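Colleague: For reference, TrEMBL lists these features for the protein:
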type     : residues : note
COMPBIAS : 1-16     : compositional bias 'Basic and acidic residues'
REGION   : 1-29     : region 'Disordered'
TRANSMEM : 48-80    : transmembrane segment
TRANSMEM : 101-120  : transmembrane segment
TRANSMEM : 147-165  : transmembrane segment
TRANSMEM : 172-194  : transmembrane segment
TRANSMEM : 200-221  : transmembrane segment
TRANSMEM : 242-266  : transmembrane segment
TRANSMEM : 314-336  : transmembrane segment
Amino acid sequence: METTEKDGASDSESKPDTGPPGVPVPADDTPEVLNKALSGLSSRWKNWWVRGILTLAMISFFFFIIYLGPMVLMLIVLCVQIKCFQEIIHIGYSVYHSYHLPWFRTLSWYFLLCVNYFFYGETVTDYFSNLVQREEPLRILSKYHRLISFAMYLTGFCMFVLSLVKKHYRLQFYMFGWTHVTLLIVVTQSHLIIHNLFEGMIWFIVPISCVICNDIMAYMFGFFFGRTPLIKLSPKKTWEGFIGGFFSTVVFGILLSYVMAGYSFFVCPVEFNSDRNSFEVDCEPSDLFQLQDYALPAALESLTGWPTLRLYPFQIHSISLSAFASLMGPFGGFFASGFKRAFKIKDFANTIPGHGGIMDRFDCQYLMATFVNVYIASFIRGPNPAKVVQQLLALRLDQQLHIFNSLKTHLTERGLLEEEA
């Protein structure tokens, strides 16, 4: 090891970068019943049927967890996040397993715990302040949440420093960075997915469904009509699949939004009802989810014979979501393809036959989650009166009285309240 480190500079100049050794390729784990049923088909069509059957199974499971409600969806997001983290960390561990790095996997999982504690604590404090203020233990944890989070991370940081071994310094710091980049990509994005979910299930379901639709339709168009390669990182991706997936996803997003926008269960934010002591999805839908008439341009009016078109405003926003899912979302997949090529692996894992690992299915979803969160903050979310009231009620009585008098003076000056005699 020491000889390698001393000669590293000269080796890098004289030899091409061949990258790290590849991760051992897992055996085919396609269920035996499918292998027997599809044994007479070519490998191309066998893969098509396996992917199709497993895709339908995953979509059915997706519908089932939607039926169970937002809290179950949040738990599923957490489970997916943990599995994606495990798959990426396992690649690093498998590639450099021979070095026997001390505490690498233990510290990786500990940092995952720290980051999740921080993000979920922030979410609970932000969205469920009524519940936090009512329970004394939660109120204490909320008050010192960031201090506790920092102390937990600092403990892990010190453990890493104490685990450093002279002959493994460079590799240990490399894997320390590996863990933190994985946390940034996986945990931060899944946290944004949960934030989107709390804004209303429609902000969770429509973006995810658009990515799924684009993935399926791009595969279908590419399988049957693909001729022109799209990008070298993914040789099987074609322009025909990319374009066909785009138009299919935009149409799908508009139709799905129309169906979902009419139901309070999908459009209302997740809130904690302190009277009933439960989480609820019930509200008066905002203007975003009220049907409105839109005047059509003269050219479209002459073509269709309709002077106006009745739509939910959210359907217009869905065009932006579906366009991003089909145009920018695939770059998350291209990034994952480049990562897998760097480590000479076909898939992140073999969890789902024909599809690879969980990370293989969610590589585009994480990029989509960030866009949706930014989109909501930029164009949708406004001041939340209920949240402001919750924050005011958490203040001392003298502070509440001061704000009351200041607000009363402000409204009186604007003529909304009459001056007292």
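Counting starts with 1 at the first residue shown.
Note that Cβ sites are derived from N, Cα and C of the backbone, with glycine treated the same way.
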Colleague: Counting only residues 6 or more past its boundaries, what in the same chain has a CB within less than 8 Å of a CB in the transmembrane segment (200-221)?
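Modeller: Contacts with the transmembrane segment (200-221): 51, 55, 59, 62, 66, 70, 73, 193, 237-238, 240-246, 248-249, 252-253, 256-257, 260-261, 265-270, 281, 289, 314, 318, 321-322, 325-326, 329-330, 364-365, 368-369, 371-372, 376.
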Colleague: Using Cβ distances below 8 Å and needing 3 or more such pairs, separated by at least 6 in sequence, tell me whether the transmembrane segment (172-194) contacts the transmembrane segment (101-120).
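Modeller: Touching, yes - the transmembrane segment (172-194) and the transmembrane segment (101-120) meet the threshold of 3 or more Cβ pairs under 8 Å.
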Colleague: What residues in the same chain, six or more past the boundaries of the transmembrane segment (314-336), come closer than 8 Å to it by Cβ-Cβ distance?
Modeller: 202, 206-207, 210-211, 213-214, 218, 231, 233-234, 237, 242, 245-246, 249-250, 252-254, 256-258, 261, 267, 288-289, 348, 359-360, 363-368, 371-372, 375, 379-380
Colleague: Go through the chain and flag residues at least 6 beyond the ends of the transmembrane segment (101-120) whose CB is under 8 A from any CB in it; none is fine as an answer.
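Modeller: Contacts of the transmembrane segment (101-120) (Cβ under 8 Å, skipping residues fewer than 6 from its ends): 78, 81-82, 85, 89, 92-93, 145-146, 148-149, 152-153, 156, 159-160, 163, 165, 168, 171-172, 175, 179-180, 182-183, 187-188, 191.
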